[in-house]
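Read through the structure below, which is laid out as structure tokens, and then see the notes.
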Amino acid sequence: MTLTQEFDTIAAISTPLGEGAIAIVRLSGTDALKIAQSVYKGKNLAQVASHTINYGHIFEEERLVDEVMVSVMRAPKTFTREDIVEINTHGGIAVTQEILQLLLRNGARLAEPGEFTKRAFLNGRIDLAQAESVMDLIRAKTDKAANIAVKQLDGSLSKMINNIRQEILESLAQVEVNIDYPEYDDVETMTSQMLLEKTAHFEQLLENLLSTAKRGKILREGLKTAIIGRPNVGKSSLLNQLLREEKAIVTDIAGTTRDVITEFANIGGVPLELVDTAGIRETDDLVEAIGIERSKKALAEADLVLLVLDASLELTDKDLELLELSKNANRIVLLNKTDLPEKLDINQISGDFIRISALKNENLSAVEEKINQIFFAGEIEAKDATVLSNARHISLVEEALKALKEANNGLALGLPVDLIQVDVTRCWQLLGEITGEAAPDELITQLFSQFCLGK
């Protein structure tokens, strides 16, 4: 059982700054109740039951600051495993800042970014992977990304990593006993063949986990998607339909989009970072020319390319150039303006295409299905599956897998078991960095500094 560490009492505004119905000022620490009581008039907070909400007022000496509801949660059954007080105020900037300053003047310290979650980690309530999933849940752009984050917050990834580490540790312990106590008969001798079988098993477990990384990373970070095409083929209309709001100017004047517009859209649970590029054409307009160069750069960096062609016109040389330019990309060719008579010769297009009308919002569901087919083999999210999505976790699993492969290569070359133990131990340590069991203090500090204030 992890013992709660002794810390000072911290305070921060936990809701976004700005105007709203309510805001929350949070306290955590040994003196949380005492400091809150020093500015609160209502029930005696030291005597109220845990996990209750209490009506009262905040005063600065005799001056009324706000009418509030105060939540009291006593250690250890709290997020930080410390006493927590949350003051629910009216959601104005001035009043929340004033209440925070009152708490700071009465003994609290302003929390650092992510310090509440850091205390939850240091006090043993969550591990490092779960702590990171808190931020992933906050930043999730779709329901499926949120589902992955909440499963990791619930400990699914941590449980899998801990189970693998435990198996590795048992093998390492057996090697150690064989080395240190060769005369001990009650422990089976770990031969090179036995260790090879075990490391091959661990390798398979990590490869299975790593196979989920592509799907997880896409759902967490999104697909960088470039919408390309000649001017006035309907790129901005498509962007507006995918976003379900007007973000781009739509006219029949070529060159209206003179730069790169970037927005996020939720397409069937997949976050698309949509880049509406300036129409690629020859132009003497300097500003538009710069936009076109950026469009070409966006095309080169894109995970997915949506090439829009005007089906109501014959293909131009520029259309054919774009078809050639994007042929090696993950590309979906969209024949737009199907609400008009079709003049485009489909025999000039190699590969699949989808007919749509961005203006009429027709057949865009087929685009969603095609994206799922390209990136997820038709299945976006396997139910109850543990998915790797965090870039740090993916990198550590890759390094751990590399260490196992080096161990296997050494065993194949006939190296002694005690030398192979070094690589297997490194694998075990790398996996421990995911959960925080073996993470250096500098890494922990750096990770929590990326959190928002009040979390």
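Using N, Cα and C of the backbone, Cβ positions are placed for all residues, glycine too.
A sphere of 10 angstroms centred on the C-beta of Glu86 ((6S)-5-formyl-5,6,7,8-tetrahydrofolate binding site) encloses 19 other C-beta atoms. In the three-state DSSP scheme, Glu86 ((6S)-5-formyl-5,6,7,8-tetrahydrofolate binding site) falls into the strand class. As annotated by Swiss-Prot, (6S)-5-formyl-5,6,7,8-tetrahydrofolate binding site applies to Arg26, Glu86, Arg125, Lys455.
Positions annotated as GTP binding site by Swiss-Prot, on the basis of sequence analysis: 232-237, 251-257, 276-279.
Look at Swiss-Prot and you will find Asn232, Thr251, Ile253, Thr256 tagged as K(+) binding site, backed by sequence analysis. For Asn232 (GTP binding site), other Cβ atoms within 10 Å of its Cβ number 19.
Taken from Swiss-Prot, the feature Mg(2+) binding site covers Ser236, Thr257. In the three-state DSSP scheme, Ser236 (Mg(2+) binding site) is classed as helix.
The feature domain 'TrmE-type G' is assigned by Swiss-Prot to 222-376. Looking only at the domain 'TrmE-type G' (222-376), the predicted model's pLDDT averages out at 78.
Comparing CA positions across the binding-site residues Arg26, Glu86, Arg125, Lys455, the one lying closest to Asn232 (GTP binding site) turns out to be Lys455.
In this record, (6S)-5-formyl-5,6,7,8-tetrahydrofolate is bound by Arg26, Glu86, Arg125, Lys455; the longest C-alpha to C-alpha distance in that set is 19 Å. Following the DSSP three-state reduction, the secondary structure of Lys455 ((6S)-5-formyl-5,6,7,8-tetrahydrofolate binding site) is coil. The shortest Cα-Cα distance between Ser236 (Mg(2+) binding site) and any of the binding-site residues Arg26, Glu86, Arg125, Lys455 is the one to Lys455.
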